[in-house]
Amino acid sequence: MKRTINEVVGSTSVNTLDSSIAKKPVFLTKKQREELALKRRQDQISEQRVRREQLGRPEPETEDVSNGDTNRDKDRDRDRDRDRERDRDRERDRGRDRDRDRDRDRDRDRERERDRERDRRERDREPDRRNREKEREEEVKAREKARVEKLVEREKEKELDAIKEQYLGGKKPKKRVIRPSEKFRFSFDWENTEDTSRDMNVLYQNPHEAQLLFGRGFRAGMDRREQKKQAAKHEKEMRDEIRKKDGIVEKPEEAAAQRVREEAADTYDSFDMRVDRHWSDKRLEEMTERDWRIFREDFNISYKGSRIPRPMRSWEESKLTSELLKAVERAGYKKPSPIQMAAIPLGLQQRDVIGIAETGSGKTAAFVLPMLAYISRLPPMSEENETEGPYAVVMAPTRELAQQIEEETVKFAHYLGFRVTSIVGGQSIEEQGLKITQGCEIVIATPGRLIDCLERRYAVLNQCNYVVLDEADRMIDMGFEPQVAGVLDAMPSSNLKPENEEEELDEKKIYRTTYMFSATMPPGVERLARKYLRNPVVVTIGTAGKTTDLISQHVIMMKESEKFFRLQKLLDELGEKTAIVFVNTKKNCDSIAKNLDKAGYRVTTLHGGKSQEQREISLEGFRAKRYNVLVATDVVGRGIDIPDVAHVINYDMPKHIEMYTHRIGRTGRAGKSGVATSFLTLHDTEVFYDLKQMLVQSNSAVPPELARHEASRFKPGTVPDRPPRHSDTVYIN
């Protein structure tokens, strides 16, 4: 049954009232719902019209209610358009939000990337900053320490002065009392310099003055013979002048007396010492004690020991055999060096020798020639005695030095036919042992490899009575003291020299002879000398540990980061000359060589990490001038002779001054000049004192930073860093 809209509305209102009581739902059809919605719409339009009329607004055009379907379509279209427009607005807003979010994310990523880059730069700068801060802190601490020490020293001086004044009494200044004679002395109107009076006697106008001849071997610098001759000449001139002034002719008796006086002045007595000729113009028989003293002073030779023979002045006076003299001439040695002058005569007398000489002074020939002369007196090697081992052993700290000594020994033994064998690491020990068992007169070895051969029975030393320790201090520093002692203990001890220093040695008898050469004398070397050497003669050429005067030393203070740039600058100035760059570590050696190679330099390396074959190739290439820059560790710093090295650069300063001496000794050899440049930083304070002393002794320039540094004032270990005692009073401003 269908109902009208009014009935529906009425029933709805009634049902609404009843729903509050019965709460019974009313179900409407679709048409009823549409009519209800249209009714509500008309009610809303009526309400809006009433509201506009109340507000005085014009009434909009009303819609025809009768056109229900048309209005509904329009409403649907309008709602759809409105929804579509709203969707577009929302989509547009969402697009703007997405763009804004994307831009915000992009900005955030940029900021994060900038933060990461800034953190990366900070991390890169952090080591340099820490180093600068550390250096700054060290400088501040050093200045503060120096200031405190100065204050403490000043207070100690004040305290000492107060104690002296309390117990000894202070010196009171005395008031000068003017004597009456001085108080009332007559004052002239002129000065003493205006006095024109002269001594009337001519003898007193030109008084005779004795000339002191210091440095010519005279006592107090006075040569009595020269003084008498000058006095006689002065007297003759004065007499001639007086006779000429008075017009007196010299009588024959006076002339004869004058000749007698001149002859007496020229006559030698027991106190006179002849100065007529230099020692180089005299024969060996004419040399006096004074001549030998001048000779030793000229070559800076000093001895310590008893019954010391005279040094040799030339190869002709050396008492070497003709074969050795021919080999010396063939090697191009025209004049002996000071260490050769002093050590060869000692070796020919079978004396134990400790030689201390500067680097590059010819120490190799100083012990090789006496060794060859000693072997020449022994029976030749045969099948019967080949198994007893060599006649002589030479020990060196490094392979390169051992091979260099082998080359020199072969050169000097050219006319004698002696066999020389080197035993070093990096090669087959079986092959080296076979060479020894096949027979050789001389073995040149490193201590470690030689003791291995002895322990494995590849070699024996049953007839070895001549041993040389070259660069003994270096072997001790490298920890070879037990190996050296083991080799010396393996030698026969039946023919040791007598312990009595005054007892003469029998020249026909074979004694055990030990040569020890070193640039310095550390305690380890002294221990070996006391145990194994009998009455040794210590020969010192120059000052122990001193560098040759042919080396020009330069020290440059800088930061660690400035080293490579300064190295390139020095190498650019080098031209075609050769240079050795010393560093402390193998890693740094390879790194610097790689960077120099990239920069276009002809560079090679040499350090302990290379095989023996690689080391020989590098060294041979540098000697042959295929490379002009050698970057090396201290393996090259001792004993190795590389000719014509113009410049030595200490890229890293060594920890001990002895190693510095040997490093720069690679230049300035064989009478040629050289340059040594050292890069110094504030991390090298342990060598500041010794380096400053060496620069001062060699008349080299001392950088102001080194001269003023606290570490250069005191030798390390002599001023302990102790806290102030309770009795100390320290004032700090």
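Glycine too: its Cβ is placed from the backbone N, Cα and C atoms.
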Problem - Per Swiss-Prot, the range holding region 'Disordered', considering 154-182, 705-733 - result: 705-733
Completion exercise
For Swiss-Prot, the entry motif 'Q motif' belongs, out of 284-312, 313-341, 603-631, 661-689, to 313-341
Practice task
Write down the single range among 2-5, 22-25, 362-365, 470-473 that appears in Swiss-Prot as motif 'DEAD box'.
Solution key: 470-473
Handout entry: Within-chain partners of the motif 'Q motif' (313-341) [C-beta distance under 8 Å, separation at least 6 from its ends]
Key = 279-280, 284, 295, 299-301, 348, 355, 357, 361-363, 365-366, 369, 372-373, 376, 411-416, 539, 541
Exercise for the section: Show which residues of the chain containing Gly362 (ATP binding site), separated from it by at least 6 in sequence, have their CB under 8 Å from its CB. Expected result: Pro336, Ser337, Ile339, Gln340
Exercise for the section: Please report the number of other Cβ atoms within 10 Å of the Cβ of Glu358 (ATP binding site). Expected result: 25
Fill in the blank from the handout: Across all protein chains shown, the one of the binding-site residues Ser361, Thr364 with the most other Cβ atoms within 10 Å of its Cβ is Thr364
Completion exercise
Long-range Cβ list for Ala357 (ATP binding site), cut-off under 8 Å, min separation 6+ in sequence, same chain only, gives Pro338, Ile339, Lys363, Phe517, Ala519, Val539, Thr540, Ile541, Gly542
Practice task
Translate the DSSP assignment of Ser361 (ATP binding site) into the three-state scheme.
Solution key: coil
Practice task
Count the residues of the motif 'Q motif' (313-341) that DSSP assigns to helix (H, G, I), to strand (E, B) and to coil, and report the three numbers in that order.
Solution key: 17 helix, 0 strand, 12 coil
